[in-house]
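If you check TrEMBL, you get these features:
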| type | residues | note |
| --- | --- | --- |
| DOMAIN | B:574-638 | domain 'CBS' |
| DOMAIN | B:671-729 | domain 'CBS' |
| TRANSMEM | B:55-75 | transmembrane segment |
| TRANSMEM | B:140-165 | transmembrane segment |
| TRANSMEM | B:214-230 | transmembrane segment |
| TRANSMEM | B:242-266 | transmembrane segment |
| TRANSMEM | B:315-336 | transmembrane segment |
| TRANSMEM | B:342-359 | transmembrane segment |
| TRANSMEM | B:415-436 | transmembrane segment |
| TRANSMEM | B:442-461 | transmembrane segment |
C-alpha cells in the first residue's frame, strides 16, 4: 500500500519524546496529495490508486469503528463473566455469567431473575451448603482470593509486557495529539495487554472504570490501522487526525454515546480538529456504537447504558439541591485531583482491602455500573430493589406502576445507611486506586460517588416533601398524592456533577449524560450541576485531572484553553538570554564541514538558523539538525572530494572553485527557506497564539531583518509555567 | 457600562466593508482584561466591576436566549394565525388560529378536531353558504388576495426600511463572522423589519421557511446585546464570539434542536470558535429552546418540532432506497444551487402563482411544516389522514394501533397523485422563490421536497413488499403480516438528504434531524442519506448554497474547508508584481509630513510598511492608514511647529534639532512593531493557513531580512479564485 517513495528516507521522522512540526507535516501531505493527483491522470491504475488513497480515511474509520466496538463488546462480556466468577459459577456452562446462566434456565420465574439452580455460589458448590455463616465466610474468602489473583495478573502483565498500558491513558493521548511523540504508547503490545489487563483490573473489583482505558484502546486501534496506509503512517499530522477520531470512537463505545464521543474528542482530547475530522469522527463513533450494539453484551439491545424513563418533570425549586450536588461534585473533583497526585502503588494491598471492605455491603459488592444503573432508576412497579421499598398507602387507588408520595419503608432506610457507608468507602478507595500501575479509568467511579450522593439527597428531599406538604417550597408543586420528586434524577445529576468536577468537561459531559440516559428533558438540571461543579472546582485550581497528570509528568503540552494574559514580549523569552553565549548559527557560504560537525557535537539543538554572514545577521533559512547530520554523513560516504575543510554552501549556486580546493558541499535542498519569524517586539500572547494555532516547533526572532534569537515550544511552555508561578523546570521533554 | 477609556478614540474602529484584524482585536482585548484585573485590586467597587465584566458574557448569552426564544415563539404564533386567516376567521376571538379556536370550543369531538362552529371560512361568513362551487371560488379568491396582501406588505417594508432584511442572511452572517464589517446588517431596524416581514412572507404561503431568517434574527439580538457591554461593543473579535453563539441559539429555536444548533454554528457558520464559545453557545441555545417551549406555540409542550415514534426497526436492505433518496437529495441540491443564482425578482407575481396553484392541492395548501409533520408520521390507529387509508384485512386479529402489511386503499392512491403534483410544484416554485427580496429560508422547503419524495418511495416499497412477499429481498424481513416498512421513515430520510444536498451540512444535519424527530435508532439511515447526498452534490460543484451566495456577492470569505493544494509561493502572489511601481513604504526617519500626506492621497492602501531606509529595505514595522491620517491631522491642529516639511520619526528617539528647523513629528506610538512576515519562498499553502488560522488582514513578504512586498487577504482570495479557474475580480471588497 506504499504508493510513494520518500525523497529522503528517514530524514522526516521524528525522534522519541520530541515534538512534531505541524506546518511541515501539513505541507508534506499536500506534496504527497499533489503527486498522486498529477499521477492519477497518467493511467487507469494510478487513478484507482488515487481513489483508494482518497477513500483510505473512511476505510480507516470503518476499521477503527469495527475493531473498537468489537473489543469493547468482548471486554464487557469478559468483565461480566469474571466479576461473577468471584462469587460463583454456572454449572450448565462455566463461561456463562450469572445473568446469562439464569436466562437460559427454564426454571426461573420473573421475580427471581437472579436465582436459578444452575448458578451456584462457590460455597454451595464446594460444601453443598448455600446458607449459613460458614458458607458466607467461604464465599467471602474466595471473593477476596479471586480479586487478588486478577489484580496480581493484571499488575504483572503490565509490568512485564507493556508499562505504557497502565493508567487511563487520556493525559498521554492528549499530549500525543498535541504533537508529541511517545513511541510504543499506541503500539500493538500496549493494545493487547491493555485489553487483557483492563478486564482483569475491572473484574478484580477495584474502584476503577473502563472508559478512559477504552479511549486508549481505541486509539491503539487507530494507530494500528494507520500503519496500513502510508498516507497516515508516514505523516504524524495526518496520523493525529485519525487518532482524534479514534478517541471519539472510544468514548462512543464506553458510554454508547456517539455524539458525546465526538464532542469529548473535540472539547477534551484533540488539539487540531478540522471539520473533516469532525465528520469522520462521527462516522467512526457511530460504527463503533453499532458494532457494540450488535454484539449486545448487556442483552438489552439498547444503545444507551443506563436507560432511564422518568414520569415526572422537574421543578424550579429542585434547582437548589441540584446546585448543591454541583458544589459537592466540584469539591469531589478538587479532592480527587489534589490527593490523586500521590497514588498508592501497592496494587495487591489495595485490591485486598477493597475486596475485604466491599463484600459485606451489597452496594459495593456488585459492579459499579450495575450500582449506577440501580441508583438512576425510578421506582417502578416491577422494581424489586431495596431502594424501592416504600410503604403503600392503602387509601390510594392509583395504579401500581406509579408510586408517588409515599413514606419510605425499612428497606429504604436500610439502603440509606448502606449507601452512606458505600459513599465513604468509594471516596476513599477511589482516590487511592487511581494512578496505580494498572489500566484504570475514573469516569465510572466518579459517577458512582456522585450517584450515591445524589440518590441520598433525592430520597431526603422526597421524604421531606412527603412529611411536610405544607412547607412553602413544597406547596406549589408537591401537593399530597402528587408525584413530585424523582430520586433517580438526583442520582443522575450527582453523577454528572462529580464527573464534571474531576474532568472539567462541559458540553460533552451534558451530551454524554443525555445520551447515556436518553432524557432530553433533564438537560437543564444536568447543566446547572455541571456548571456549578466546574466553577467550584475551578476556584480551587484550574486544571482538570488530565491536565494535572500532564503537568505531573512534565509533558510539553500547550493547552489551548489557558489564556496567556501577561505583558511579556518575544525578546524576554527568546534565547540566547542576556549573558548567554551567542546563538549557534551557520553562515550561507563560509562554514566548513568541520565547523558544522563541531557545532553538531557541541550542541543538542534541534536545528540551526542560517544567515547571510555573521556581520549582517540577515536570516535566510533554518536547517534541521537531523537533516544536516544525515546529509553530511551521506556526502562524506558517497560524494568524492568532500572533506573536513570543504565549505558548506546554502546559496543557490556554489562558486566554481579550482580543482586544488576541497569540493564544496551544496546543502540548499535541506534548507527550510520559509522559517517562521516574529519580531522581538511581538507580545508573547501573540507568540503563544501562533505556536498553538500553527503547531510550531520553533520560531526565530528578528529585529529590522537581523536575527536575534530563537523561541522553541519548550521555551514557551517554560515561560508560561514561570508566569503562573510554577517551576519552569517541570517541563521535561523537547 | 463603559469601564475603560480608549487611549485613541476612533483609531481602532474599522470602516464599512473592510476586514478586521483578528490578532489585533485579540491583543486589544487582552490589554483591556489586564487593565481591569490590575484595577480590581484597588478597591471593592473596581472588584465588583471586574466581576461584572467577567460575567457579562453569560449575561449576554442569557439575554440572547430569552429574546430569540421569545421572538421565535411570537413569530410561530403570528404565522399560525395569519396562515389560517387566509382561509377563515375565529368568531369567538379573531386572534385565535384555527386550531386554538377549536380547542377552546366545547362542541368539538376528537374525530373532528378541526371542525367547530366558531371557525368559519370566509365564504360561510360572508354568504352563509359553507359548501358549493360558489363558496369554493370565493374562498380561493380570498386566499389569493390575502397572500398578495401579505407579500406586498413584506416586500414594501423590506424595500423601504431595511434592505438587509431580505434573504436568509446566513451567507452574510458567515462573512461577518469571518471578520468582515457590514454596518447595519445586524442592526435594530433589520431585527424589527426582518421579524415582521418574516411573519408576512411565511404567512403569504410562499415556498420559504423561517429557519435561516431566525438565525439572522438571533444574530441581530446578539448584536443588540453586545452594545450593552463595552467588552463586546468595542471589540469586533469578541463581538463575533457572541454572534457565533447567537447563531446556535437561532437554529436551536428554529428546530428545537439545541445540540444541533451548536454543531451548526461550529460546522457551518462560525469562523473562530474557541472552546469557551462552544460552552456559551450551548447555554444560549438551551435558554432559547426552553424559552420557546415555555411559550409553547404549538401547544404540545414538546421541544421537538416533528416528534415521531416508529415501532419498527429498519433493515439493511432498506439502505438501497435510502441511498437512492440520498442521490435524489444531491441532485436537488445541485439543481437548487445552479438555478438559485437567477432568482425571480417579482415577489407579487410569484406569490399570486404560488397561491393559485397551491390552493387546490391539500398538500400544498397547508403550511409546509404541517405537511412535513404529516409525511413523517407513522400511520397509527388515530390517524385520520388520507395517507393512512389502508384496506383493513378482516382475517387479521392484530390490535388496531399497529397497521402492518396491508394493501393501500383509494385514499393512499389519491394521496400519491397529489403528492407527486405537490413535489413538482414545490421543486419549481422553491427554486423561483429563494433569492427574492424578502426574508426567506430554505430549510423547510428543501425538507418538504425530500419528505414528499421519501414518502412516495416509502409507500412504493411498502406496497411492493405487500404484493411480493416472495421476492428474495423481502423474504427475510418482510414475511406476510410483518410490520416491515415505515413510509414515514423514508420521508424523514428524504428530508435529510435534500437538506444535506443544499447546505452540505454533515454532523449538524444528522444531529438536527435526530433532535427534530427524537429517534436515535435511525441515525444510520439518516447518515447514509446525508453522506450520499453530499457526495453526489459535491460531484457537481463543491459549494453549498451559502458559499455559492457568498461567491455571487463577492464577499471576501476565506473558507476554512477549501484545501489549497497548489504549488505557488508567496512571491507569486505578493504585490508589487513584476512590472508594478515599487511598494509604497515609509522610512523611519527621512519622510516628511508632506510626503506622507501625498502618499495617503495618491494611494488607497490600508497601511504602509516602515523601513530603516530605502536602500537597506529592512522592515521595522507597519502603520495603519487610518492611524496615520488621524495622527497627522491631530498634530497639525494641536502640536505647534508641525508643518509640511516636518520630518516624521518612527524611531525610538527623534534627534534634537535646532529651533529654526521644523519640529519633528514622533509617531512611534502608532507603529505596529510586530507586523506579520513570511519569506518569499513560503508556500502559498502555508500562507493561506496562516491567514485562516490567525485571521490576518495582511502579511509582509521578506527575503533575507529585506522587505519585498505585501500580501493582503484580498490578494489571497484573488489568487485562490485564479487557481480554481474563477474570475479573480469577483472578490469585490477589501
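Each Cβ is built from the backbone N, Cα and C atoms, and glycine gets one as well.
Unlike curated entries, TrEMBL annotations are predicted automatically.
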- Between 0 and 100, where does the mean pLDDT of the domain 'CBS' (B:574-638) sit? 89
- Touch test for the transmembrane segment (B:442-461) and the transmembrane segment (B:342-359), at least 3 Cβ pairs under 8 Å: no
- Item | Same-chain residues at least 6 beyond the ends of the transmembrane segment (B:315-336) whose Cβ lies under 8 Å from its Cβ atoms | 427, 430-431, 434, 442, 446, 449-450, 453-454, 457-458, 461, 473-474, 476-477, 484-485, 490, 493-494, 496-504, 525, 528-541, 544-545
- Query: Between the stretches B:140-165, B:214-230, B:242-266, B:415-436, which wins on the count of C-beta pairs under 8 angstroms to the transmembrane segment (B:342-359)?
  - Reply: B:140-165
- Give residue numbers and ranges for long-range contacts of the transmembrane segment (B:140-165): same chain, 6 or more residues beyond its ends, CB-CB under 8 A. 82, 85-87, 122-123, 172, 182, 184-185, 187, 189-190, 192-194, 196-197, 200-201, 203-206, 216, 347-348, 351-352, 354-356, 359-360, 436-439
- Task: With DSSP as the reference, give the number of residues of the domain 'CBS' (B:671-729) in helix, strand and coil.
- Result: 24 helix, 19 strand, 16 coil
- Give the residue counts of the domain 'CBS' (B:574-638) per reduced DSSP state, in the order helix, strand, coil. 24 helix, 17 strand, 24 coil
